[in-house]
Amino acid sequence: MDSIPSISKPINGEGKPEFNTLDEPIRLTIVRDLKAVGNKFFHVLYPRQQTSLLTEWDLWGPLILCTFMALLLQGRSDSTDHDGGPEFAEVFVIVWVGAMAVTINTKLLGGTISFFQSVCVLGYCLLPLSIALALCRIVLLLQQNTLFFVLRCGFSLTAFFWAVWAAIKFLGDSSPPRRKILAGYPIGLFYFVIAWLVVSLSNS
Amino acid sequence: MDFTNKANDAEALLQFQDFGMGSTAAGKPPPYEQTHNFTDYPSSHVDIDEDQTQGPTQTAQSSQDNGPSMLTFAYYQRYFDVDTPQVKERLIWSFVPRPSRDTLTHYIRPSPDLYGPLWICVTLVFCVAIMGNIADYLHSGGEGQHWRYDFRKVSISASTIFSYALLLPLVLWLLLWWRRKEGDQAPLGFIEIVSLYGYSLAIYIPISVLLTIPFPFIQWTLVIVGAALSGSVLVFSLWPPLSASQRGMAVIILSAVLAFHFLLAAGLQLYFFRYSNDVVIVSNSAGTSHGHLRAVDSSTLDKVTELQPLSLIRAVEDYSPPETTNAETTVAKTTTIGVDFPATAIINNTKTEQEMIKSTHIKNTTSDLAPKKNQTITKLSTKILEESTTAV
C-alpha cells in the first residue's frame with residue numbers, strides 16, 4: 001500500500017519507518033516533536049554524539065530560542081528616555097542572517113555540511129546563551145552595583161565559551177583540514193555578538 | 001636496376017604525404033606542430049575580465065570556457081580558496097609596509113580572496129560599535145542611571161565601513177579601466193582591489209579597542225599611526241599599476257586614496273569615541289571666599305537622536321538652580337552637548353575676578369575652562385534653554 005511519508009523522523013524504536021502520522025492525534029505529534037527538540041537541547045548541553053543534531057535536524061529549537069531571546073532583549077521604544085536596545089526584529093535578523101552567513105562561509109571554504117544542518121546546529125547552540133540571558137534578567141531585578149555587573153559578565157562569558165565549544169564539536173569535522181580556524185572564527189564572532197547583546201541588557 | 005629501384009624508393013620517400021581531410025578523425029584541425037605552445041603561461045593571473053591577457057595560442061576549448069557563471073556557487077567559491085597560513089600572512093603584511101615587495105603583487109595576487117575582507121569588515125563593524133558603547137559606559141562612570149547603550153551604532157558603523165570597502169575599490173577600478181590604453185599591462189581586477197582594501201582595514205580592529213582610552217592625544221596618535229601604516233601599504237601596492245601611464249595622475253589618485261583612508265579612521269574616532277570631559281558650569285556657594293568647584297562630569301547624550309534637544313531641556317529643567325545670584329551650593333547636573341550642537345554658556349563673575357568664559361564648541365572646552373574661584377551661576381538654565389530652542 002502506498003505510504004504517506006511522515007513529517008518527523010521516520011525511525012521509531014522497532015526499526016520500522018512510521019508512516020500515516022496524519023491520522024494520529026495532534027497531542028502525539030506535538031509531544032514527539034517536543035521530545036526531539038528536548039533531546040537536542042540535552043545534546044547541546046552535554047555534547048557526546050553528533051548524530052541527533054546533524055542527521056535529524058530541525059529548526060524548531062532555534063526558532064523557540066530566537067523568539068525567547070528577542071523577547072527579552074528588545075528595548076523599550078515607547079518611553080521618552082530612549083532605550084537604545086535592539087528591536088525585536090533586529091535580534092531575529094542578527095540570529096538568522098548571522099547563522100546563514102556563517103553557514104555560507106563554511107560551505108564556500110569547502111565544507112561538507114549541508115545548509116540546514118549547519119543552521120540547525122548554530123541555532124541549537126544558542127541554548128547556553130538563552131540560559132545566561134534568563135539568569136541576567138533575574139539578576140537585573142535586584143539592586144544594581146558593580147558586583148552584579150561582574151556576575152552578569154561572568155554568566156555571559158561562560159555561556160559564550162560553552163556555545164562555541166559545543167558548536168565547534170558538532171561542526172568541526174566538516175571543514176577542510178587546513179581551514180579549521182578560518183571556518184571556526186565566524187562561529188566565535190557570531191556567538192560573541194550575541195553574548196554582547198546579553199551583557200548589554202539593562203533595566204531602563 | 002638498382003638505381004631505378006633506389007630511385008623509386010627515393011621517389012616514394014620524396015612523395016608528399018597526403019593528409020587528406022578524410023584521413024583525420026572527425027574533422028579536427030591538424031595538430032599544431034610549427035607554432036609555439038606557451039605552456040609556461042602564468043596561470044596565476046586570473047582576471048575577472050576575461051580574455052585580455054590570455055595567450056594567443058590557448059586551445060580553442062579553454063578560451064570559450066569562462067569559468068562558472070556568476071549565478072553558480074562555484075563562482076564565488078574560488079574567491080574563498082585560501083588556507084589559514086595564507087590569511088595570517090596577508091593580515092600581517094597588510095599593515096607592515098615594505099617598498100620592495102608590495103602586498104598586492106606578492107601576497108594577494110596569486111589568489112585574491114574575499115574571506116579576509118568580508119570577515120575583517122564584519123569584525124570591525126561590531127568592534128567599533130561595542131567599543132563605542134564601552135567608551136560611553138566608562139565615560140558615564142559605571143552603571144550610572146543615565147547610561148543608555150545604543151544599538152544604532154551597529155547600523156551606522158556597518159554602513160560606513162561596508163560602503164568604504166566596496167565603493168572606493170569600485171571607483172578606483174573604474175578609474176583604472178577608463179584610463180587603460182591599448183597595449184598596457186592588464187589593469188587590476190576588481191576583486192584584487194577589494195581584497196587589498198579589506199585587508200588594509202585589519203589594523204583598525206586593535207586600534208578601535210585602544211581608542212577607548214579617553215585621552216585625545218593618545219587617540220589621535222593611534223589614528224595617525226594606523227592610517228599611515230595601512231595607507232602606505234595601499235600606496236605601495238597601487239603605485240606600480242597606476243604609474244605605468246601618467247605619473248602626475250597617479251600621484252593625485254594615490255593621495256586621494258590616502259586621504260580617504262585617513263578620513264575613515266578619523267571619522268570613526270570622532271564619531272564613536274569622542275567624549276571629552278567637558279565642564280560646562282561650575283558652582284560654588286556665593287558668600288564664601290574659597291569657593292569650591294566641582295567639575296561636573298555628566299552623561300553624554302546620544303548624538304544621533306533628535307530627542308536630544310528635548311531631553312536636554314528636560315534634564316536642565318529637572319535641575320534648574322534658583323535664579324538668584326546668591327545661590328547655595330547646588331550641583332547642577334548638566335548634560336554635555338554633542339559635537340554638532342554648539343551651546344554658549346556664559347558665566348558671569350560678579351565677584352572681583354571678572355571672567356567671561358565662553359564655550360562655543362563644547363569639544364574645545366577642556367583647556368578653556370580652567371577652574372577659577374568665585375564664580376556663580378547666573379541664569380545658566382535659561383541661557384541653555386534659549387540656546388537649545390533656537391538651535392532646534
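In case you wondered, yes, glycine gets a Cβ from its N, Cα and C as well.
Note: TrEMBL annotation is automatic and uncurated.
Pulled from TrEMBL:
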REGION    B:23-68  region 'Disordered'
COMPBIAS  B:53-68  compositional bias 'Polar residues'
DOMAIN    B:97-266  domain 'Yip1'
TRANSMEM  B:114-135  transmembrane segment
TRANSMEM  B:155-178  transmembrane segment
TRANSMEM  B:190-211  transmembrane segment
TRANSMEM  B:217-239  transmembrane segment
TRANSMEM  B:251-273  transmembrane segment
Beyond the flanks of the transmembrane segment (B:217-239) by 6 or more, those residues with Cβ under 8 Å of it: 93-99, 102-105, 108, 172, 188, 196-197, 200-204, 207, 210-211, 250, 253-254, 257-258, 261-262, 264-266, 269, 273
Overall pLDDT for the domain 'Yip1' (B:97-266), taken as the rounded mean: 83
For the transmembrane segment (B:114-135), distant same-chain residues with Cβ under 8 A (at least six beyond the ends): 76, 79-80, 82, 87, 90-91, 149-150, 153-154, 157-158, 161-162, 165, 191, 194-195, 197-199, 201-202, 204-205, 208-209, 211-212, 214, 268, 271-273, 275
